[in-house]
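Colleague: Got a structure here, written out as structure tokens. Questions coming.
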Amino acid sequence: MSERGDDDRTTSTINSLAKRRYQDNLDTFQEERAGFQQKRPHAVDDEDEDFETAAPPTKQKTKAEEMMERMGYKAGEGLGKNKQGIQEPVALSTQRGKTGLGHEGAKAVARDMNEQWDDSTENKTVEETVIWMTDIDEGIRREICDKLIKDDQWMVVRKEKKVIDDETEFCSEKELKDMIEAKNVFDSMSDKDLREARTRANPYETIGSAFFQNRAAMKTANMDKIYDWILSRENTGNNSFLLKNPLQEGTTAENVDRHEDLFYFADVCAGPGGFSEYMLWRKAFYNAKGFGFTLAGKDDFKLQKFTASSAYFFETFYGTKKNGDVMDPENIDSLEKFISEGTDGQGVHLMMADGGFSVEGQENIQEILSKRLYLCQLLVSLCIVREGGNFFCKLFDIFTPFSVGLIYLMRVCYDSISLHKPHTSRPANSERYITCKGLRKEFAGVVKDYLKRVNRKLDELKNKNSKDDVMELMPLDVIKSDEQFMKEIIEHNEVLAHRQTVYLQKYKSFAKNQGQFDKDQGNLRDECLKYWQVPNKQRPRGGDRGSRNGNQERLNPNVVLGKYTSKICGEAELGISFRGLGAASDPQLLIGTGDAVFIYRHGHFEQIDRDYARIPENTILLVDCAEEVKTDGSKIRISSDPHMIRIADAAVLYGDNVSQLPYEARMKAAQKFALALKLTKKTIQIGWGFRAKDITPHQVCCAQTYSLKELDEFQSNLIELKQRGEVIVLFKEGDRQFKTQSLRLTRIIKQDWQMGWSKSQQVPYVHSPLHQKEGSILEDQWKKREIHSSFWDSVILTNKDKQKMTEMMQHGHNAVPSTIWSWKPCMRTEYGPYKIMNHPEAFDGKPTISAIKSQIAETDLSTLRSKYTPLTAL
């Protein structure tokens, strides 16, 4: 408070000084100007003071004044026979818009430069307190569900209603009447005048959209904070989550949630996607996967405007009808199935809904017009949210038994619910949000089925053009019998109705006097963003495309590679690695730059269409482009889908630099990255309208890894087939199959070190002839001593590395790089897939699975060793 008081005093002082300086300059100017009134200044001598100053010349009458005199006009009197004409000049018009002269509505908002708003009627705060409604008793939950299972008698159908001013069961008549009257005043104002008054009057207006694509994103940020982060499920204990999204510009972000499970959310009726852009930004990197469902067409998601995060972690769906209509029963069923498939049957952690449509000219009955939208959004949450998951949804007025009945049923389905209007929701509208915490599947399933039946009934009445409507979802007396709920819902409605009335009156005052503006807007913006833990910055115009350096990074793979690699090498050295894996060619370095995806082939980078390779910017991977194989008995068919992009190793995952982590940790992060990019449906739609088309992009998956101790498990996933006399070995990876071309054995420690097994400690250790002073280093010290082989050590073999490795091999220092065990058949020898799979010992000095397993068993027996050396089936 003292800082703000100091700021006010400083501002007042500056204003006072400015006024004084202005007056001094004006006086000086007038004094100097007096000497330039004549071309030749009058010479002043001592005698001039004795003469009287000549009177100014008489002003000549204008033609208009002469005409007025002839009509009998005299100064101070009016025209007319009885001098009844007006004497004062005609006043400036206070008329607004095109409303007729004298219209009562026009008079109510007529211009008045003396109009002043009383700030004391407002309560401007940064922090907000949300109120959770009293939880419903478990016994009542069961009673209601039992009633809904038996029949649909609670569903009341009668003649539709198009007025709201008599809905006083859940709000006092006075508050409702005052609010409606305040709304009616603006019917005579143009949209332009109303928007202009709102911009100056709303104390939180300048918060805007910050660096997101629209204001909806900031609503989510606002709600996330005041509900103690239950929406994004951020762990805010020690503020470590801020490392993912630093508040200070220029600070490097750190993925502290790399080891957390993937966060799933759904964004329903929320185009163009501000909710989702915030959630992907807040979770950061590849920690979240979103599903979107909204109307197709002009109100669709604007994925190209996702600049705070990558839209590749967001998958859209439009239902069976492909129109995104959430009120269509078939679309709801297909969305439920889609989300189940995309989340392995679990559902999303969070559903967000922001549905609405224009009710121009019918603002007072917005609740009645939106009742089915209310129903379907809340119904979808019961279909797709997982056990214990959360949900929030935009509502408007809730005065009717239908709306209040819906809210009551949400209390049955969730542990707790809350109704709240955040600061970022403009105060003069009836918008508010229902937030539901902790879904209870036991009860939600029953209510879901009931609401689906209600929606089908509404659909039936609509298709028949019936004048009837579903007016109640549960008896009014059942709701009223819950006295605590009635008290809370009435209090909520009256508080919001009063606040809305106050701000409608403020808009009216600011519309009258256009010189008024809310002086707290700038200060509130800064303090709110700080409180919500959102950086105070603006959205860049044109994104990075307005910057030459940004363009280089978005289009040049070498620029991205140079940001992260610790090795200096030429392009020719990138290909010196190892032979093919699941494909016929070498494994390839893939780099995502933002505007393009590049793969290193044949000694140079080749660009892939980014619509088909959905890889976000700042990504560096070692990949195997493999064809998926379909089988029909003994027949083998290559899938017609584009090649799979299989991750064999990872350096950078959407800006998360994992290159220095141990190989197993890198691959675990890559698995999460691939899961976030996974498409539930193989095809996606790009464009809309007549430009819309369906495409099948490359699927991204992570190659499965095994240690040599897991050869039995690996072998169980192999399928041996004969085709045209040739043995072909397929390996299963999830629900897919690939040809086994070779195995990649990855070195997990740096080239300088050799691994051993401590019999006394029963743990691995390393030692090195080149670092004898270091002695033996046990496994728990490897990370601290940087023993693990990095991505760059494994993938990029520079000429200097080759020379060092050759010298080590010459001195018998066991220089074994990451290598490939080829399984391809050879025309000159019988060695191939069949011998590798079935021969009981080494064949012609070459390894087989049985020979390796025997060697491992012997080593285990002598050292009691239990693990290590991962291999990848590729």
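Any Cβ shown, glycine's included, is placed from N, Cα and C.
Reproduced below are the annotations present in Swiss-Prot:
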ACT_SITE  Lys394  active site, proton acceptor
BINDING   Gly273, Asp354  S-adenosyl-L-methionine binding site
COMPBIAS  1-10  compositional bias 'Basic and acidic residues'
DOMAIN    60-106  domain 'G-patch'
DOMAIN    211-440  domain 'RrmJ-type SAM-dependent 2'-O-MTase'
REGION    1-64  region 'Disordered'
REGION    535-555  region 'Disordered'
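How buried are these features, and what lies next to them?
Modeller: Mapped onto three states, the DSSP output places Lys394 (active site, proton acceptor) in strand. A 10 Å cutoff on Cβ-Cβ distances gives Lys394 (active site, proton acceptor) a total of 22 other Cβ atoms nearby, all chains included.
Non-local neighbourhood of Asp354 (S-adenosyl-L-methionine binding site): Ala216, Cys269, Ala270, Phe275, Cys393, Lys394, each in the same chain, at least six residues away, with C-beta under 8 Å from its C-beta.
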Colleague: Let's check the environment of Gly273 (S-adenosyl-L-methionine binding site): how many other CB atoms sit within 10 Å of its CB?
Modeller: 29
Colleague: Across the domain 'RrmJ-type SAM-dependent 2'-O-MTase' (211-440), what does the mean pLDDT come to, as a whole number?
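Modeller: Computed over the domain 'RrmJ-type SAM-dependent 2'-O-MTase' (211-440), the mean pLDDT is 95 on the 0 to 100 scale.
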Colleague: Does DSSP give Asp354 (S-adenosyl-L-methionine binding site) helix, strand or coil?
Modeller: coil
